[in-house]
Amino acid sequence: MKIESTIEGFDEEMDNDHLSAAEDTPLREDAFDLNDDQKIEKIQASVRDILTTLGMDLTDDSLNDTPKRVAKMFVKDIFGGLNPERKPKSSSFDNKYKYGEMLVEKNITLYSTCEHHLLPIVGIAHVAYISNGTVVGLSKMNRIVDYYAKRPQVQERLNIQIVRELQEVLGTEDVACVIDAKHLCVNSRGIRDIQSSTVTAEYGGKFKEQATRKEFLDYIKLDTNF
Ligand SMILES: Nc1nc2c(ncn2[C@@H]2O[C@H](COP(=O)(O)OP(=O)(O)OP(=O)(O)O)[C@@H](O)[C@H]2O)c(=O)[nH]1
Ligand SMILES: [Zn+2]
């Protein structure tokens with residue numbers, strides 16, 4: 001049986017067995033039973049517990065507020081995109097000027113968090129679409145990238161979520177996104193490979209055709225340094 005969440009703006013359909021579609025962030029049904037302040041209180045206690053277990057003296061004035069800082073950062077900042085109320089309102093307009101070519105928003109700065117290690121993912125996203133009558137404000141593409149990045153993520157899911165959202169807003173399948181990002185869990189720990197970065201891509205509609213995809217990739221030329 002399918003159920004619709006009652007939370008305002010939460011339009012991802014949830015399924016009783018699986019909670020959500022494969023590309024949706026795995027959230028529990030009670031994810032928003034607590035408000036932000038209640039979550040900050042609880043997380044603060046957990047962070048205090050972790051640091052205390054590690055042996056840190058939390059009476060030190062540099063550390064005293066760390067549990068609260070981390071809790072606020074999780075709820076309001078780096079995981080703020082879990083809350084559908086923070087989803088950007090994507091003002092769309094009629095394509096009055098009949099611009100029918102590809103529009104590319106490239107080099108969008110991306111900060112996310114790896115859900116396996118809770119370490120940063122830092123990179124760039126390139127987004128493109130071909131209008132079928134609707135256009136979206138340029139900054140909305142940056143905002144959509146930022147919203148879905150502010151969750152515990154894997155890069156593949158992040159890439160798909162960005163494309164699905166823009167397809168919805170623009171009312172077209174013809175949307176693509178390429179992400180090139182460094183995962184600090186690979187760069188700064190574990191294998192500690194500082195050079196490597198991860199490239200993912202999601203192509204919808206016309207972008208599945210080779211010529212359209214090539215035009216997009218020529219515009220973004222994956223030779224950027226960040
Ligand atoms: N597919 C995918 N894997 C990721 C992403 N971010 C991190 N990973 C990988 O997730 C894997 C987690 O593997 P585990 O073996 O459970 O973790 P680990 O023991 O810390 O692994 P090492 O990093 O190899 O030390 C690692 O290989 C990470 O590189 C991502 O966005 N997508
Ligand atoms: Zn990781």
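For all residues, glycine too, the Cβ spot is worked out from N, Cα and C.
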Residue among Cys177, Cys185 sharing the Zn(2+) site, where TrEMBL lists Cys114, His117 as binders: Cys185
Averaged pLDDT, computed only over the residues in the domain 'GTP cyclohydrolase I' (43-220): 97
His117 (Zn(2+) binding site) CB neighbourhood, other CB atoms within 10 A: 15
